[in-house]
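One structure is given here, and the rest of the page talks about it.
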Amino acid sequence: MSVKILAIESSCDDTGASVLVDGKILSNCIANQTVHEQYGGVVPELASRAHQENIVPVVDLALKKAGVSKEELSAIAFTQAPGLMGSLLVGSSFAKSLAMALDIPLIAVHHMQAHVLANFIAESQPSFPFLCLTVSGGHTQIVRCDSPLQMKVIGETLDDAAGEAFDKSAKLLGLPYPGGPLIDKYAAQGDPKRFKFPEPQIPGLNFSFSGLKTSILYFIQQQELQFIQDNLADICASIQQRIISILMNKLVKASNETGIKEIGIAGGVSANSGLRKALEEQGKKYGWNTYIPKFEYCTDNAAMIAITAWYKYQAGEFAGLDVIPGARAAF
Ligand code: KG4
Ligand code: ZN
(Lines of atoms letter the chains of each structure in order from A and count residues from 1; the text may use other names and numbers.)
(Lines give C-alpha, C1' and ligand atoms only; values in the text may rest on other atoms or scores of the structure.)
(Ligands and ions follow the chains in the order given, each with its own letter.)
Protein backbone atom coordinates (compact mmCIF):
# COMPACT_ATOMS: atom_id res chain seq x y z
CA MET A 1 0.00 0.00 0.00
CA SER A 2 1.31 3.44 -0.82
CA VAL A 3 2.40 5.89 1.87
CA LYS A 4 0.60 9.25 1.72
CA ILE A 5 1.87 12.06 3.92
CA LEU A 6 0.34 15.50 4.48
CA ALA A 7 2.95 18.02 5.64
CA ILE A 8 2.35 21.43 7.17
CA GLU A 9 4.79 24.33 7.47
CA SER A 10 3.95 27.34 9.67
CA SER A 11 7.22 28.42 11.29
CA CYS A 12 7.23 32.06 10.25
CA ASP A 13 4.96 34.03 7.92
CA ASP A 14 4.05 31.53 5.21
CA THR A 15 1.39 28.83 5.61
CA GLY A 16 2.35 25.77 3.55
CA ALA A 17 0.82 22.36 2.93
CA SER A 18 2.18 19.56 0.75
CA VAL A 19 1.17 16.01 -0.09
CA LEU A 20 3.81 13.34 -0.73
CA VAL A 21 3.04 9.87 -2.04
CA ASP A 22 5.77 7.21 -1.84
CA GLY A 23 8.54 9.81 -1.79
CA LYS A 24 7.11 11.96 -4.61
CA ILE A 25 5.77 15.47 -4.01
CA LEU A 26 2.30 15.69 -5.57
CA SER A 27 1.38 19.17 -4.33
CA ASN A 28 3.10 22.11 -2.66
CA CYS A 29 0.75 24.97 -1.75
CA ILE A 30 1.58 28.16 0.06
CA ALA A 31 -0.25 31.24 1.35
CA ASN A 32 2.17 34.15 1.67
CA GLN A 33 1.39 36.84 4.21
CA THR A 34 1.74 40.34 2.78
CA VAL A 35 0.42 42.08 5.90
CA HIS A 36 3.99 42.42 7.28
CA GLU A 37 5.39 44.55 4.43
CA GLN A 38 4.09 47.79 5.92
CA TYR A 39 5.86 47.05 9.24
CA GLY A 40 9.30 46.33 7.73
CA GLY A 41 9.45 42.84 9.28
CA VAL A 42 7.31 39.93 10.45
CA VAL A 43 4.89 40.85 13.28
CA PRO A 44 4.45 37.58 15.25
CA GLU A 45 0.90 38.29 16.45
CA LEU A 46 -0.29 39.05 12.92
CA ALA A 47 1.53 35.99 11.57
CA SER A 48 -0.33 33.64 13.97
CA ARG A 49 -3.68 35.14 13.06
CA ALA A 50 -3.01 34.81 9.33
CA HIS A 51 -1.95 31.16 9.81
CA GLN A 52 -5.31 30.52 11.53
CA GLU A 53 -7.13 31.97 8.54
CA ASN A 54 -5.00 30.21 5.91
CA ILE A 55 -4.37 26.76 7.27
CA VAL A 56 -7.67 25.05 6.37
CA PRO A 57 -7.89 26.41 2.79
CA VAL A 58 -4.19 25.67 2.11
CA VAL A 59 -4.49 22.07 3.39
CA ASP A 60 -7.69 21.55 1.39
CA LEU A 61 -5.99 22.86 -1.74
CA ALA A 62 -2.91 20.66 -1.27
CA LEU A 63 -5.09 17.54 -0.87
CA LYS A 64 -7.25 18.50 -3.85
CA LYS A 65 -4.25 19.15 -6.13
CA ALA A 66 -2.74 15.81 -5.15
CA GLY A 67 -6.06 13.99 -5.62
CA VAL A 68 -5.76 12.53 -2.11
CA SER A 69 -8.54 12.51 0.50
CA LYS A 70 -7.93 12.98 4.24
CA GLU A 71 -9.12 9.44 4.89
CA GLU A 72 -6.35 7.99 2.68
CA LEU A 73 -3.51 9.68 4.61
CA SER A 74 -0.85 7.51 6.28
CA ALA A 75 0.69 10.26 8.48
CA ILE A 76 0.62 14.00 9.24
CA ALA A 77 3.89 15.96 9.48
CA PHE A 78 4.43 19.44 10.81
CA THR A 79 7.25 21.89 11.55
CA GLN A 80 8.07 21.53 15.22
CA ALA A 81 10.97 23.98 15.49
CA PRO A 82 12.53 26.50 15.22
CA GLY A 83 10.31 29.47 14.47
CA LEU A 84 7.85 31.95 15.96
CA MET A 85 6.03 30.24 18.83
CA GLY A 86 2.54 31.49 17.90
CA SER A 87 3.03 30.43 14.28
CA LEU A 88 4.38 26.99 15.23
CA LEU A 89 1.43 26.46 17.58
CA VAL A 90 -1.11 26.91 14.77
CA GLY A 91 0.53 24.25 12.56
CA SER A 92 1.27 21.81 15.38
CA SER A 93 -2.23 22.05 16.89
CA PHE A 94 -3.81 21.53 13.50
CA ALA A 95 -1.55 18.53 12.74
CA LYS A 96 -2.20 16.95 16.13
CA SER A 97 -5.99 17.34 15.83
CA LEU A 98 -6.01 15.78 12.39
CA ALA A 99 -3.72 12.93 13.44
CA MET A 100 -5.99 12.26 16.41
CA ALA A 101 -9.19 12.45 14.36
CA LEU A 102 -7.84 10.12 11.65
CA ASP A 103 -5.93 7.94 14.14
CA ILE A 104 -2.71 8.08 12.12
CA PRO A 105 0.90 8.81 13.16
CA LEU A 106 2.28 12.29 13.70
CA ILE A 107 5.77 13.29 12.48
CA ALA A 108 7.60 16.28 14.01
CA VAL A 109 10.09 17.93 11.63
CA HIS A 110 12.98 20.30 12.29
CA HIS A 111 12.69 23.25 9.90
CA MET A 112 16.46 23.58 9.29
CA GLN A 113 16.87 19.86 8.62
CA ALA A 114 14.00 20.19 6.14
CA HIS A 115 15.71 23.08 4.31
CA VAL A 116 18.76 20.81 3.79
CA LEU A 117 16.61 17.89 2.61
CA ALA A 118 14.94 20.12 -0.01
CA ASN A 119 17.99 19.04 -2.04
CA PHE A 120 16.58 15.49 -2.02
CA ILE A 121 13.29 16.31 -3.73
CA ALA A 122 14.83 16.40 -7.22
CA GLU A 123 15.62 13.37 -9.36
CA SER A 124 19.36 14.06 -9.16
CA GLN A 125 20.20 13.77 -5.47
CA PRO A 126 23.44 14.32 -3.53
CA SER A 127 25.30 11.28 -2.26
CA PHE A 128 26.71 11.13 1.28
CA PRO A 129 28.63 12.69 2.91
CA PHE A 130 27.10 15.94 1.70
CA LEU A 131 27.76 19.55 2.73
CA CYS A 132 24.91 22.05 2.69
CA LEU A 133 25.09 25.80 3.13
CA THR A 134 21.71 26.73 4.60
CA VAL A 135 21.00 30.42 4.32
CA SER A 136 17.66 31.81 5.47
CA GLY A 137 16.17 34.81 7.22
CA GLY A 138 16.97 33.36 10.63
CA HIS A 139 19.92 31.01 10.04
CA THR A 140 23.25 30.67 8.28
CA GLN A 141 24.75 27.23 8.70
CA ILE A 142 27.16 24.83 7.06
CA VAL A 143 25.73 21.38 7.71
CA ARG A 144 27.55 18.08 7.27
CA CYS A 145 25.11 15.29 6.38
CA ASP A 146 26.15 11.65 6.66
CA SER A 147 22.63 10.35 5.91
CA PRO A 148 19.22 12.05 5.52
CA LEU A 149 18.62 12.05 9.27
CA GLN A 150 22.21 12.36 10.48
CA MET A 151 23.29 15.99 10.30
CA LYS A 152 25.74 18.18 12.16
CA VAL A 153 26.18 21.96 12.06
CA ILE A 154 29.91 22.60 11.50
CA GLY A 155 29.73 26.36 11.03
CA GLU A 156 27.16 29.07 11.74
CA THR A 157 26.66 32.78 12.08
CA LEU A 158 27.78 34.49 15.26
CA ASP A 159 25.29 37.35 14.77
CA ASP A 160 22.97 38.16 11.85
CA ALA A 161 21.82 35.55 9.35
CA ALA A 162 22.61 36.00 5.64
CA GLY A 163 18.94 36.76 4.93
CA GLU A 164 18.98 39.41 7.66
CA ALA A 165 22.10 40.91 6.10
CA PHE A 166 20.14 41.24 2.83
CA ASP A 167 16.96 42.51 4.50
CA LYS A 168 18.70 44.99 6.82
CA SER A 169 20.84 46.37 3.98
CA ALA A 170 17.69 46.79 1.90
CA LYS A 171 15.97 48.59 4.78
CA LEU A 172 18.92 51.00 5.07
CA LEU A 173 18.52 51.69 1.34
CA GLY A 174 14.83 52.47 1.88
CA LEU A 175 13.58 49.28 0.20
CA PRO A 176 10.52 47.41 1.56
CA TYR A 177 10.58 44.09 3.48
CA PRO A 178 11.70 41.47 2.60
CA GLY A 179 14.52 43.23 0.79
CA GLY A 180 16.58 40.17 -0.26
CA PRO A 181 14.72 39.56 -3.54
CA LEU A 182 14.84 43.31 -4.34
CA ILE A 183 18.60 43.54 -3.81
CA ASP A 184 18.90 40.51 -6.11
CA LYS A 185 16.78 42.29 -8.74
CA TYR A 186 18.70 45.60 -8.66
CA ALA A 187 22.06 43.82 -8.43
CA ALA A 188 21.41 42.16 -11.79
CA GLN A 189 21.90 45.55 -13.48
CA GLY A 190 24.78 46.76 -11.29
CA ASP A 191 28.57 46.67 -11.09
CA PRO A 192 29.61 44.52 -8.07
CA LYS A 193 33.13 46.00 -8.05
CA ARG A 194 32.03 49.64 -7.80
CA PHE A 195 31.89 49.89 -3.97
CA LYS A 196 34.06 47.99 -1.49
CA PHE A 197 32.51 46.65 1.71
CA PRO A 198 34.80 44.81 4.16
CA GLU A 199 35.01 41.03 4.57
CA PRO A 200 35.13 40.05 8.28
CA GLN A 201 38.03 37.90 9.45
CA ILE A 202 36.28 35.23 11.53
CA PRO A 203 38.27 32.10 12.39
CA GLY A 204 37.03 28.60 11.53
CA LEU A 205 33.81 27.96 9.67
CA ASN A 206 31.66 30.55 11.44
CA PHE A 207 30.21 33.68 9.85
CA SER A 208 29.58 37.27 10.92
CA PHE A 209 27.48 39.86 9.13
CA SER A 210 27.11 42.61 11.74
CA GLY A 211 30.29 44.45 10.65
CA LEU A 212 29.06 44.53 7.07
CA LYS A 213 25.76 46.02 8.21
CA THR A 214 27.61 48.77 10.12
CA SER A 215 29.86 49.58 7.14
CA ILE A 216 26.79 49.86 4.88
CA LEU A 217 25.15 52.15 7.44
CA TYR A 218 28.23 54.45 7.50
CA PHE A 219 28.43 54.39 3.72
CA ILE A 220 24.78 55.43 3.36
CA GLN A 221 25.09 58.15 6.01
CA GLN A 222 27.95 59.70 4.03
CA GLN A 223 25.99 59.91 0.76
CA GLU A 224 23.28 62.24 -0.52
CA LEU A 225 19.90 60.56 -1.01
CA GLN A 226 20.07 61.38 -4.71
CA PHE A 227 23.42 59.57 -5.02
CA ILE A 228 21.91 56.44 -3.43
CA GLN A 229 18.95 56.55 -5.78
CA ASP A 230 21.11 57.12 -8.88
CA ASN A 231 23.55 54.33 -7.97
CA LEU A 232 21.15 51.82 -6.43
CA ALA A 233 22.03 49.01 -8.85
CA ASP A 234 25.80 49.31 -8.22
CA ILE A 235 25.28 49.57 -4.43
CA CYS A 236 23.02 46.49 -4.40
CA ALA A 237 25.45 44.55 -6.62
CA SER A 238 28.39 45.46 -4.33
CA ILE A 239 26.48 44.47 -1.16
CA GLN A 240 25.29 41.21 -2.71
CA GLN A 241 28.76 40.42 -3.97
CA ARG A 242 30.21 40.82 -0.46
CA ILE A 243 27.53 38.68 1.21
CA ILE A 244 28.17 35.98 -1.41
CA SER A 245 31.96 36.10 -0.99
CA ILE A 246 31.60 35.73 2.81
CA LEU A 247 29.41 32.66 2.27
CA MET A 248 31.41 31.06 -0.53
CA ASN A 249 34.82 31.50 1.13
CA LYS A 250 33.62 29.53 4.16
CA LEU A 251 32.01 26.89 2.00
CA VAL A 252 35.30 26.38 0.12
CA LYS A 253 37.09 26.14 3.49
CA ALA A 254 34.55 23.58 4.74
CA SER A 255 34.99 21.48 1.61
CA ASN A 256 38.79 21.62 1.90
CA GLU A 257 38.72 20.68 5.59
CA THR A 258 36.26 17.79 5.24
CA GLY A 259 37.30 16.61 1.78
CA ILE A 260 33.62 16.57 0.78
CA LYS A 261 32.82 17.57 -2.79
CA GLU A 262 29.06 16.95 -2.78
CA ILE A 263 27.91 20.50 -2.08
CA GLY A 264 24.47 22.11 -1.97
CA ILE A 265 22.70 25.25 -0.85
CA ALA A 266 19.30 25.63 0.79
CA GLY A 267 17.04 28.18 2.50
CA GLY A 268 15.44 31.40 1.30
CA VAL A 269 18.71 33.10 0.33
CA SER A 270 19.56 30.18 -1.98
CA ALA A 271 16.91 31.73 -4.26
CA ASN A 272 19.48 34.50 -4.85
CA SER A 273 20.63 34.44 -8.47
CA GLY A 274 24.16 35.64 -7.62
CA LEU A 275 24.63 32.92 -4.99
CA ARG A 276 23.32 30.23 -7.35
CA LYS A 277 25.78 31.38 -10.02
CA ALA A 278 28.65 31.57 -7.53
CA LEU A 279 28.01 28.00 -6.36
CA GLU A 280 28.13 26.75 -9.93
CA GLU A 281 31.34 28.68 -10.66
CA GLN A 282 33.07 27.41 -7.53
CA GLY A 283 31.80 23.92 -8.29
CA LYS A 284 33.52 23.97 -11.67
CA LYS A 285 36.70 25.40 -10.16
CA TYR A 286 36.98 22.83 -7.34
CA GLY A 287 35.42 19.79 -9.04
CA TRP A 288 32.32 19.71 -6.83
CA ASN A 289 28.98 18.13 -7.64
CA THR A 290 26.62 21.00 -6.84
CA TYR A 291 22.95 20.93 -5.88
CA ILE A 292 20.42 23.75 -5.75
CA PRO A 293 16.76 23.10 -4.91
CA LYS A 294 14.10 24.33 -7.31
CA PHE A 295 13.08 27.92 -6.57
CA GLU A 296 9.82 26.96 -4.81
CA TYR A 297 11.74 24.61 -2.46
CA CYS A 298 14.29 27.28 -1.42
CA THR A 299 12.07 29.69 0.51
CA ASP A 300 9.82 28.31 3.25
CA ASN A 301 7.60 25.55 1.88
CA ALA A 302 5.86 22.38 3.03
CA ALA A 303 7.38 20.07 0.40
CA MET A 304 10.66 20.11 2.33
CA ILE A 305 8.73 19.14 5.49
CA ALA A 306 7.11 16.31 3.51
CA ILE A 307 10.40 14.89 2.19
CA THR A 308 11.91 14.98 5.70
CA ALA A 309 8.79 13.27 7.03
CA TRP A 310 9.16 10.56 4.36
CA TYR A 311 12.64 9.70 5.69
CA LYS A 312 11.34 9.80 9.27
CA TYR A 313 8.37 7.60 8.34
CA GLN A 314 10.71 4.96 6.88
CA ALA A 315 12.88 5.15 9.99
CA GLY A 316 9.82 4.84 12.25
CA GLU A 317 10.48 8.21 13.89
CA PHE A 318 7.03 9.27 15.04
CA ALA A 319 6.00 11.87 17.63
CA GLY A 320 3.50 11.45 20.46
CA LEU A 321 0.46 13.73 20.69
CA ASP A 322 2.15 15.36 23.68
CA VAL A 323 4.95 16.78 21.47
CA ILE A 324 5.30 20.55 21.85
CA PRO A 325 6.74 23.06 19.38
CA GLY A 326 10.00 24.79 20.20
CA ALA A 327 10.87 28.35 19.21
CA ARG A 328 14.60 27.50 19.27
CA ALA A 329 15.97 24.01 18.87
CA ALA A 330 19.19 22.40 17.75
CA PHE A 331 19.31 19.22 15.69
O1 KG4 B 1 13.99 30.31 4.34
P2 KG4 B 1 13.17 31.55 4.31
O3 KG4 B 1 12.04 31.61 3.31
O4 KG4 B 1 12.55 31.84 5.70
C5 KG4 B 1 13.25 31.62 6.90
O6 KG4 B 1 13.19 30.47 7.39
O7 KG4 B 1 13.89 32.58 7.33
O8 KG4 B 1 14.18 32.77 4.07
C9 KG4 B 1 13.73 34.09 4.00
C10 KG4 B 1 14.92 34.97 3.68
C11 KG4 B 1 14.61 36.47 3.75
O12 KG4 B 1 15.64 37.09 4.49
C13 KG4 B 1 14.64 36.90 2.28
O14 KG4 B 1 15.02 38.25 2.09
C15 KG4 B 1 15.66 35.96 1.73
O16 KG4 B 1 15.38 34.72 2.33
N17 KG4 B 1 15.57 35.85 0.27
C18 KG4 B 1 16.50 36.32 -0.58
C19 KG4 B 1 16.03 36.06 -1.89
N20 KG4 B 1 14.81 35.45 -1.79
C21 KG4 B 1 14.54 35.33 -0.46
N22 KG4 B 1 17.68 36.91 -0.34
C23 KG4 B 1 18.42 37.26 -1.41
N24 KG4 B 1 18.04 37.06 -2.69
C25 KG4 B 1 16.87 36.47 -2.97
N26 KG4 B 1 16.50 36.27 -4.25
ZN1 ZN C 1 13.13 28.73 6.50
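From the backbone N, Cα and C atoms, a Cβ is placed for every residue, glycine too.
On a predicted model such as this, the values are computed, not experimentally measured, just so you know.
The substrate site recorded in TrEMBL comprises T134, V135, S136, G137, G138, D167, G180, D184 together with one of N32, N272, N289, namely N272. Cross-referencing D234, D300 with the Fe cation binding residues that TrEMBL gives (H111, H115) picks out D300. Fewest Cβ neighbours within 10 Å among the binding-site residues H111, H115: this applies to H111. For ligand 1, the neighbouring binding-site residues among T134, S136, N272, D300 are S136, N272, D300, by Cβ distance under 6 Å. For ligand 2, the nearby binding-site residues are D300; that is, of T134, G138, G180, N272, D300, these have a C-beta under 6 Å from one of its atoms. Across the domain 'Gcp-like' (24-306), the prediction's mean pLDDT works out to 95. Separating the Cα atoms of T134 (substrate binding site) and H115 (Fe cation binding site) is a whole-number distance of 7 Å.
Looking at G138, G180, the binding-site residues in this record, the fewest other C-beta atoms within 10 angstroms of the C-beta turn up around G138.
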